[in-house]
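Report on the following structure.
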């Protein structure tokens, strides 16, 4: 229940002229067929005492199980459930972008479909939103059922984002669960970058923000598709999107390497003038291999930036909607959003 500072029942939420506010819950999902019905029941219980209207926008990232069929069944019973299935597995961030474009609420709550984040926090997040905050981060205190290697990688990543790349607003343990005001979402839609961390982008945008701490639960059903390769890609995307350090490092390393080379050449010349022959091929090969390795690393860094620039210029859609449970569609070929086209048919249970 929404309450004010003194613990009293909060006033009802209205848009004006008797129309209640709409809260959109957006959930990317991949192989979550067993979790979707359970999360739906939790959302119904969470919103039942609240004086707001709500919708649940679920984007199925081309699951290989019956996730979309579960959404079809729920949407047939409750029109507040709006399901979308992507034509290919585009990744959780692309699925989230799709959901944000389909959300119609005055604020949006991003909530994973894996039952690890508690919907019971939503009333408290709404309370803070009503107080004037544009972004409410739900910040993890503890995470159950996570490997130590994943935990350390997460800590290292967010430390780098906060202290090396200047995103102080980003919570120290990350925030996959958050509330954002409609004006934040509209501003976010104005960014058309493809290879970017949405949470880091939200932190970069500014806006008035606050946080709620909670404990993240372990998974009950299914397993996370967030593997090591995806984590590395996220880290590289974040570095390339928010930092000039790699490019600056190339200049610094190149300068240092050149200075070492000149010094070594000077030593060789002085020794030759003194009658001491240069050292054998072993030392020369070491120098060549070190410099060659440094050059390859530099070329790789430049290649990452070049690829991202090329990827942006192609302007391919971030997502394509294959199917949807939404009734009010205009039919096949309808434009779904600025970032993705929907050549889809509507399905209901």
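Cβ coordinates are placed from backbone N, Cα and C, and glycine is handled just like the others.
Since this is a predicted model, take the numbers as computed values, not measurements.
Residues or ranges marked as domain 'Glycosyltransferase 2-like' by TrEMBL: 24-180.
Residues or ranges marked as region 'Disordered' by TrEMBL: 329-349.
Panel annotation: around the transmembrane segment (249-270), residues 278, 287, 291, 294, 298, 301-302 of the same chain, lying at least six beyond its termini, place a Cβ under 8 Å from a Cβ of the stretch. As annotated by TrEMBL, transmembrane segment applies to 249-270 (among others).
Residues or ranges marked as transmembrane segment in TrEMBL: 282-307 (among others).
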(message) I'm checking region-level scores; what's the whole-number mean pLDDT for the domain 'Glycosyltransferase 2-like' (24-180)?
(response) 85
